[in-house]
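> Pasting a structure here, questions to come.
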Amino acid sequence: MPARPRLRIATWNINSLRLRAPLLRRLIDALDPDVICLQETKVPDELFPHDALAEYGYAHVAHRGMKGYNGVAVLSRLELAVADDAPDWCLKNDRRHLLVTLAAPGGPVDLHVFYVPAGGDVPDRAANPKYAHKLDFVAEAGAWFAARPGLRRTVLVGDLNIAPLEHDVWSHRQLLDVVSHTPAEVAGLNAWRDTAFVDAVRHFVPADQKLYTWWSYRNRDWRASDRGRRLDHAWVTPDLVPALAGHTILKDARDWPKGSDHVPVQIELTL
DNA sequence: ATGGTGGATGTTCCA
């Protein structure tokens, strides 16, 4: 294990790992991450594309996938161990979470990768089961971390599908009743984060500055309209805040050929 | 108010 103190962790909703595996070369060239966390891999574990990923040199891989939907994975230059006792959120067995322990400089770092349910279109728990699932998932995750006080050296990343701050969306007023920015979702996400974590990207970027990680495919000229939302997040426990050394939101990735509608987010720690 | 695009799948669901 190289004795370097730097740890770069990238997270990306890749929206089909098999389709977009070639784009990981661009991500690696741009960010040089030590660990890559992926969501919406959309590939069952028995079909995980180890061969297509081998050239990138991430020797340590963990994945939890299923056919067609969801799916999370971690590609790591550091040795890792997968926690086999992570919860089955909402008892759906739907492959939205991985917990690994990284053999990081200075000692182990726990890394959670989440893909929170998108929640459908109608922001009404009674009318829309997908929205109810999303709220329940966030509440359950918050309760799980609340039951584990004093977490240390822990990082949580992923597509959390909620933009919590006013300037995490292009129009706070117009998105208050749009799933991803409703007060109920924001309250749930904030409560979850506050059980154990600090928002590592907003640590660097003031709250009054617009910040997005996702632009809909349905905007033909996404950069001109710039109707984005910050759905992808990186959180760290407070003991790691002094180690935060930088962040990158790889906005240019939204223009990659056949790209995802999400762009990669990376944080760098000096451990 | 509506529909716009994209992936996996299979004539539709999910985002």
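Every residue, even glycine, has its Cβ placed from backbone N, Cα and C.
The following feature annotations were taken from TrEMBL:
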DOMAIN    A:10-262  domain 'Endonuclease/exonuclease/phosphatase'
BINDING   A:Asn13, A:Glu40, A:Asp159, A:Asn161, A:Asp261, A:His262  Mg(2+) binding site
ACT_SITE  A:Tyr115  active site
ACT_SITE  A:Asp159  active site, proton donor/acceptor
SITE      A:Asn161  site 'Transition state stabilizer'
SITE      A:Asp232  site 'Important for catalytic activity'
ACT_SITE  A:His262  active site, proton acceptor
SITE      A:His262  site 'Interaction with DNA substrate'
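How about a rundown of where these features are and what they're close to?
Cβ contacts within 10 Å of A:Asn13 (Mg(2+) binding site), excluding its own Cβ and spanning all protein chains shown: 24.
Secondary structure from DSSP puts A:Tyr115 (active site) in a beta strand.
For A:Asp159 (Mg(2+) binding site), the same-chain residues lying six or more positions away in sequence with a CB closer than 8 A to its CB are A:Thr11, A:Asn13, A:Gln39, A:Glu40, A:Phe114, A:Tyr115, A:Val116, A:Leu231, A:Asp232, A:His262.
Counting only same-chain residues six or more apart in sequence, the Cβ atoms lying under 8 angstroms from the Cβ of A:Asn161 (Mg(2+) binding site) belong to A:Tyr115, A:Val116, A:Pro117, A:Ala118, A:Gly119, A:Lys134, A:Ser180, A:Leu231. DSSP assigns A:Asn161 (Mg(2+) binding site) to coil, not to a helix or a strand.
Within 10 Å of the C-beta of A:His262 (Mg(2+) binding site) there are 23 other C-beta atoms, taking all protein chains into account.
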> For A:Glu40 (Mg(2+) binding site), just give me the three-state DSSP call.
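Once the DSSP labels are grouped into three classes, A:Glu40 (Mg(2+) binding site) ends up as coil.
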> What other residues of the same chain, not counting A:Asn13, A:Glu40, A:Asp159, A:Asn161, A:Asp261, A:His262, have a CB atom within 8 A of the CB centroid of the Mg(2+) site?
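Output for this site, in sequence order: A:Asn15, A:Gln39, A:Tyr115, A:Trp214, A:Leu231, A:Asp232, A:Ser260.
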> I'd like the Cβ neighbour count for A:Asp261 (Mg(2+) binding site), meaning other Cβ atoms within 10 Å of its Cβ, all protein chains included.
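There are 17 such Cβ atoms around A:Asp261 (Mg(2+) binding site).
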> Could you say whether, by DSSP, A:Asp232 (site 'Important for catalytic activity') belongs to a helix, a strand or a coil region?
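The three-state answer is strand.
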